[in-house]
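J.: To start, I am sharing the structure in question, which I have written as structure tokens.
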Amino acid sequence: MEKNMEEPLSSQGEMTHQHTTPKHSKGGLITMPFIIANEAFEKVASYGLIPNMILYLMRDYSVGVAKGTNILFLWTAGTNFMPILGALISDSYLGRFLTIGLGSISSLLGMILLWLTAMVPKVRPPPCDITTQSCKTPTTGQMTLLLSSFALMSIGAGGVRPCSIAFGADQLDNKSNPKNERVLESFFGWYYASAAISVLISLTAIVYIQDHLGWKVGFGVPAILMFLSALLFFFASPLYVKQKPSKSLFTGFIQVPVVAYKNRKLAFPPRDSDGWYHHKRDSKFIAPTTKLRFLNKACIIRNPEQDMASDGTASNPWSLCTIEQVEELKALLKVIPLWSTGIMISINISQSTFQLLQASSMDRHISSSFQIPAGSFGMFTIISLATWVILYDRAILPLASKIKGKPVQLGAKLRMGIGLFLSCMAMVVSAIVESIRRRKAIREGYLNNAHAVLDMSAMWLVPQHCLNGLAEAFNAIGQTEFYYSEFPKSMSSIAAALFGLGMAVANLLASAILSAVDKLTSRGGKESWVSNNINKGHYDNYYWLLAIMSSVNLLYFLVCSWAYGPCVERVIKVSDEGNGFKEEELSNIGAIVKDEV
């Protein structure tokens with residue numbers, strides 16, 4: 001989901017063993033309202049700005065639809081990429097508390113700057129001259145101020161989003177509590193529930209305020225919410241457990257190829273020989289796997305006296321890595337081809353600008369006195385996603401398991417493939433609906449009137465939103481589950497980071513695709529497919545292009561899935577428990593291990 005409920009990029013997998021049991025005077029349930037409120041307010045404020053932003057750029061900054069959409073693509077890409085950098089800084093240098101705090105301040109400053117662009121007329125171009133139909137473009141200073149507000153909000157998201165869930169778990173993680181796991185599970189549930197509710201509020205309430213009360217109030221409300229977010233977070237500062245930063249997993253990934261290159265001239269030790277490879281204390285590994293063998297040189301011990309410290313660790317981590325580090329990097333590299341197949345679905349879901357312009361040109365009334373804001377149609381994506389997840393987990397799987405008499409579950413790779421197929425179908429439906437809408441607009445004489453509202457219900461757009469929601473429910477959740485199942489537990493933070501990175505790459509590629517389409521289709525003075533005038537353009541052709549690319553990507557996924565082979569081997573022990581089933585899974589990442597009797 002581009003609204004992304006998969007943002008926690010910080011080291012969740014390690015949070016239960018990177019620190020000692022928190023003191024009873026710090027942390028606990030009393031801190032939860034402040035942490036969850038900080039994340040919820042940040043989401044409502046930031047996500048509430050995105051849906052209608054293209055209208056603000058076009059109407060108040062005289063920016064064309066192609067350029068405006070590219071600006072939004074780049075802004076979203078930055079917002080999706082910054083959490084990865086935020087997780088690295090948090091884990092290695094600042095710690096989670098400071099990273100969240102600085103992120104909240106940065107987001108607040110960005111929203112205040114954006115609000116000022118609406119409040120102060122001189123910081124944006126003058127209104128278009130109606131008589132001459134001429135519009136002045138924004139000056140360099142005016143555009144810099146606007147883009148600076150976007151940049152500050154992206155930096156802020158990079159501080160808040162990757163750290164808040166792990167910071168909340170820090171407050172509750174108490175190994176002396178026999179119900180510790182249940183407490184953490186409950187917190188994660190409330191966290192994701194608040195995230196979903198926040199996105200829905202931003203797509204409805206904030207968008208409605210912007211539509212009916214204008215940009216001054218529409219940008220002011222998110223700024224106030226972000227101020228409350230920062231205030232509540234810092235207000236509870238004396239109550240928090242504040243863990244010190246530790247070594248980052250990202251740093252370990254960089255060390256492996258660096259050390260392997262340094263040791264490139266070393267000969268490989270005899271196969272299955274013990275003592276040649278460096279591993280963690282009490283590790284079961286005695287040698288790395290043979291795949292990507294050149295990386296194995298990163299963990300070869302050249303001189304035990306020089307390479308090893310007295311406690312058994314490496315004297316210099318940039319000269320000697322552990323087998324675990326090498327295998328973690330191999331696991332990451334192995335999933336990259338399958339990860340790349342998820343980029344296309346994120347490109348499709350990010351086409352909200354065109355869906356907004358479509359909705360704006362259609363009848364959005366659901367009664368004589370109320371119409372759905374054009375920017376709120378994205379809520380159908382969220383609703384269909386959440387509905388399917390609940391039905392799949394609470395109704396479909398239990399019923400199928402009861403019928404078959406054994407646990408039934410769709411594999412992660414199968415769900416990823418189903419999601420890619422549904423995403424392709426969403427683009428096909430989008431193209432068909434837009435073709436119908438455009439022909440109707442021309443028949444009614446609105447070819448030159450981009451702001452005309454057709455006698456055609458905007459509910460025609462709901463199926464494509466629902467298909468996008470179902471596609472994301474299958475692919476995004478399947479993707480994340482695939483990473484979690486294939487990676488060692490120490491890489492759980494990377495599982496979430498990969499999805500965010502995929503969305504960032506998708507936003508950049510979406511911008512490149514849009515620019516290429518605009519340039520190629522407007523040659524020779526022709527009307528661009530993505531023209532500012534939705535009725536003159538051919539948004540339907542643009543959707544068909546995405547549908548074709550999605551079908552090619554589906555074939556690419558099938559090849560990658562076949563090449564990847566079976567997922568991690570599991571020994572599943574199934575036992576009856578009441579009317580349901582209990583599964584216990586044991587997995588092995590495939591490295592050579594010591595024999596155990």
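All positions are counted from 1 along the displayed chain.
A Cβ is built for glycine as well, from the same backbone N, Cα and C atoms used for every other residue.
These came from TrEMBL, pasted as-is:
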| type | residues | note |
| --- | --- | --- |
| REGION | 1-25 | region 'Disordered' |
| COMPBIAS | 9-19 | compositional bias 'Polar residues' |
| TRANSMEM | 71-90 | transmembrane segment |
| TRANSMEM | 97-116 | transmembrane segment |
| TRANSMEM | 146-169 | transmembrane segment |
| TRANSMEM | 190-209 | transmembrane segment |
| TRANSMEM | 221-241 | transmembrane segment |
| TRANSMEM | 372-392 | transmembrane segment |
| TRANSMEM | 412-433 | transmembrane segment |
| TRANSMEM | 494-517 | transmembrane segment |
| TRANSMEM | 542-564 | transmembrane segment |
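I'd like these features described in context: how deep, what's nearby, how far apart.
T.: Sequence-distant contacts of the transmembrane segment (71-90) (same chain, six or more residues past either end, CB-CB distance under 8 Å): 2, 4, 7, 9-11, 46, 50, 53-54, 57, 63, 96, 99, 103, 147, 150-151, 153-155, 157-163, 245, 248, 250-251, 350, 353, 493, 497, 500-501, 503-505, 507-508, 510-511, 514.
Residues 1, 3, 51-52, 55, 196, 199-200, 203-204, 207-208, 210-211, 349, 352, 355-356, 359-360, 364, 366, 458, 461-462, 465-466, 468-470, 472-474, 477 of the same chain lie 6+ residues outside the transmembrane segment (372-392) yet bring a C-beta within less than 8 angstroms of a C-beta in it.
A Cβ distance under 8 Å defines the sequence-distant neighbours of the transmembrane segment (412-433), meaning residues of its chain 6+ beyond its ends; these are 338, 341-342, 344-345, 348-349, 351, 355, 358, 460-461, 463-464, 467-468, 470-479, 481-482, 485, 540-541, 543-544, 546-547, 550-551, 553-554, 557-558, 561, 564, 567.
Remote same-chain partners of the transmembrane segment (494-517), defined as residues 6 or more beyond its termini with a Cβ less than 8 Å from a stretch Cβ, comprise 2, 4, 6-9, 12, 66, 69-70, 73-74, 76-78, 80-81, 83-84, 87, 162, 249, 332, 335, 339-340, 342-347, 350-351, 476, 479-480, 483-484, 487, 528-530, 542, 545-546.
Same-chain neighbours of the transmembrane segment (542-564): 334-335, 337-338, 340-341, 344-345, 347-348, 351, 354, 413, 416-417, 420-421, 423-424, 427-428, 430-431, 434, 513, 517, 529-530, counting only residues six or more beyond its ends whose CB sits under 8 Å from a CB of the stretch.
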J.: Report, as numbers and ranges, every residue of the chain located at least six residues beyond the transmembrane segment (221-241) whose Cβ falls under 8 Å of a Cβ in that stretch; write 'none' if there are none.
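T.: Contacts with the transmembrane segment (221-241): 22-23, 26-28, 30-31, 33-35, 37-38, 40-42, 44-46, 48-49, 97, 100-101, 104-105, 107-108, 111-112, 114-115, 167, 170-171, 206, 209.
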